[in-house]
Amino acid sequence: MEFEDEVVEEMERELEEMRECYRSGRTREASWRKSQLKGLLQLLREREEEIFRALHQDLGKHPAEAYRDEIGSLIKSLNYALDGLKRWMSGKKAKLPRIALLTSAEIVPEPLGLVLVISSWNFPIGLSLEPLIGALAAGNAVVLKPSELAPECSSLLANAIPCYLDDKAVKVVQGGPGVGEQLLHQKWDKIFFTGSVRIGRRVLAAAAEHLTPVTLELGGKCPAVVDTLSSSFDRKVAAQRVLGGKFSFAAGQVCIGVDYVLVDKKFSSTLVETMKVVMKKMFGENPRESRSVARIVNKHHFIRLQNLLLDPMVKSSIVYGGSMDEDNLFIEPTILMDPPLQAAIMTDEIFGPLLPIVTLNKIEDSIKFINSRPKPLAVYVFTKDESLRRSVVSKTSSGSVVSNDVVVQYLADTLPFGGIGESGMGRCHGKFSFDAFSHQKAVMRRSFLVDFWFRFPPWNDHKLQLFRSSYRYDYLGIVLTVLGLKKTDRVSKSVQTSN
Amino acid sequence: MKSLSSINLSQDFSGLGGICRAIRTFVYCPPSRANPSPISLTHSSLRVSRCSTSLLSVTMEEAKKQALDAEKAALLVKELRKSFNSGRTKSYEWRAAQLQSISKMIDERAKDIIQALQLDLSKPELEAFVSEISMTKSSCQKALKDLKHWMAPEKVKTPITTYPSSAEIVSEPFGVVLIISTWNYPFLLSLDPVIGAIAAGNAIVLKPSEIAPATSSLLARLLGEYVDGSTIRVVEGAVPETSALLDQKWDKIFYTGSTRVGYIVMAAAAKHLTPIVLELGGKCPAIVDSNIDLEVAARRMIAGKWVCNNGQACIAIDYIVTTKSFAPKLVDALRLALEEFFGKNPLESQDMSRIVNLYHFRRLAKLLDEDGTSDKIVLGGQRDENNLRMAPTILLDVPEDSTIMQEEIFGPLLPILTVDDIQDSFHMINSKPKPLAAYIFSNDDGLQKQFVQNISAGGMLINDTVLHLTIPTLPFGGVGESGMGAYHGKFSFDAFSHKKGVLYRGFKGDTAARYPPYTPEKQRLMKALIRGDIIGIILALLGWSKE
């Protein structure tokens, strides 16, 4: 216990030093921000092999997947931030009505202060550094707490970051739930959390103790609506993208991966046949040997996924795959057809390589199906029918919508990435990340030269008339009233008499 | 919600003592004509002459009866969710019609509104007209004018990685939202967020403040009459009703009020993962340099303090920092202008609001009477407890650890602190929580620049006060202890909208590199694609590598 107190004291002392560093103004400088972003770029370039290794050890990720989802996408984000930094940092002029003579106004982004980034284990590098880019670009001091469930990546970040970034203003704190809890007790100016709904709630409750604004990047069951596609080419592309979006991103352990597929009953068998062909091509006869499927992160999650299949009704709905290897924490990419809707596999977020296909009487019913469940982080729709596409966009609610593809929205810096309802709050990526870590300060400047005498008491009807005109931006009215040519309003008289 | 009840009861009902006012008890009534819903909370009025101990117990009992209302609150939300799910609030026509009705309501009922504000706060008619009616009306007009533009999806560029594709950001309503407003600008601060929520297409419950009862009941009546009752509701009430509402699951909560209750609202929101906007307050400083046009500046300071509901405003000047040598001149200028505005006997002036209730009157009196503070009064200090009137009061050099310098004043008391060098004021301000607004009066460009750079505040205004909140192109909102989130103009629309990223792709333009099995060639192509490196892509496709 005493030891723990010491640890907490040490943490508090370090945080105070970081706050002091922030107050010195160093992190606000454009040059500082730029040097930090460049430091991250250098880290990714010089430590690429180490990162590949750590991701393989933690999750069995293939380097190609690691590069596509983590290193490469981070490099892209860093370049985008470096490119936009100057523009993002500069104040934006705000338009003013003409009545505000000799006045100027702008919106100046300012850093929030000392911020906390808590990331998750499924993309342990990407989801740690992506928010860090935004926090640094916005000029904050940052504490990063990577997930202890990806220990190799966590320790890699802890060792590498101090070598490339300003260690007075950026720190990595490693540890499990105990450390996370201690961190959450501190006062932050912003908390950015990526992870599960359960811990998200805990983060928000802790933030409420200090009125700290929070961004929560959570998950949910992301559906893919697949319309009846008549051309075999389209079918193949759709199957490839759905299956790729499910199994080739950390073996389905991804918040924007496809959770389940919705399809017209009459089209379902055709779709499954196409999928089987594509599966064979992607992962071969023996997926375990292919090295193209990541493994399950740990025993706990392996057993959780195993339990999803325990229900005999669920087990009997398997139409492809289903084999498991507990020693290697490997689960074969698995497709299920119409598992019971009340089974855990259809009520909980799956977060693993199991793909249920749910059949509907007509594809339009998918809107109702999606709306009767918590709002997901993403909705995918594969169709050539413009009206179906439009109703998915306008009638369902989700973090994002992608038509005819999956997961690629993660790479679009110009689109806000973030959930709604149970899938999270706040948004990130590109300029949105910068904004998530900035306060938009309204700044207005006035001169002493113009002063409307009618702004001040004692009040009379004449002044009332002038206010009426000025709020309507009725310039002629103002002139007439000032010249005494316009009749003044009688409201005040009537109120006074009625009293 | 225990903490909420214990905090507020005393202040909510203590105002009754001084001024024989109508208080209302909230009872559940059978469906009425005006409000056909079976679960609407209506009220009956009970006139009470003076506060007595029995009154408080009666009120407590009423409160207990109401505490059962969680069930009705749940029903209310359920009903609104059903209306929202029908999709009617999403159409442009619905939004525009509601906004038009509110605009019409303001025009037709201006007299009633002014009267309610008179009853609640003795707000001078012109002040009521300017700061509540006109502001609400112009906010409504702005929303109507720009609504189509706000609602249109915003096209954005897409990266080469996802080529060929197109993308847009679609604004969608959150769903069923709760707006809790406050008593100092009870009309504006209720309807301004409602306007944003309507523009964004949400179903709405508004809970006006029970501390401004006349305006609260007027809002309930008027909105029932003018807007769509199946999607926009007013729930009147005090702590038990608020607690019952906060227990429900909302898609967004917008709260205006004190920092203390802000904590409670956020804790309640956390249980349901509800995003929130908190419009709180704080001690808004004004730095006064010595190189200014003092006559104009003094007028503007008064406009930013006593003309703002007698200092009971979240963006009113809380304290002034100036140099030792300039302070006497500043006090003289303020004295002169104050007399011009409010006459020789400000307690009699009809041009200034009164203190809202006895609780707040006594709170302010206590600030003033504290040892070490009471002898620092250089102007004013007169008060009339029976009429809840308090004169503009200026204090010079109160100790920094006095209560008046620790808490938000929210009333007509203005401490002036002095420093040797005006630069020292930055440190003084930064040692306190971040305020909602910060002001500076100075002609020194360098100092202005430092002020913007070194001081963090919700918003800032140079050489004037309060005006920044009338500008719809500026976001209005706090930072740190002064709140989170912003509104006004398009920012209101955004505060009540989820920004959905939508990406459209065709079936063509697929690269095998995206899919397993992974080969070294695919890895090279992917690297090039992600870097947006055209030459690299061509080389990789041709099977060559740059390395």
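Please read every residue number as a count from 1 along the shown chain.
Glycine too: its Cβ is placed from the backbone N, Cα and C atoms.
Because TrEMBL annotations are produced automatically, they should be read as predictions rather than curated entries.
Cβ neighbour count for A:Glu217 (active site): 28 (other Cβ atoms within 10 Å of its Cβ, all protein chains included). Annotation comment: TrEMBL describes A:Glu217 (among others) as active site.
Under 8 Å, Cβ to Cβ, and six or more positions away along its own chain, A:Cys255 (active site) finds A:Asn122, A:Thr194, A:Glu217, A:Leu218, A:Gly219, A:Gly220, A:Cys222, A:Leu377, A:Ser423. The active site annotation in TrEMBL covers A:Cys255 (among others).
Sequence annotations record features per position, and here TrEMBL assigns coiled coil to A:1-28. Per-residue pLDDT, averaged across the coiled coil (A:1-28), gives 87.
For A:8-443, the entry in TrEMBL reads domain 'Aldehyde dehydrogenase'.
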Q) By the DSSP assignment reduced to helix, strand and coil, which category contains A:Cys255 (active site)? A) coil
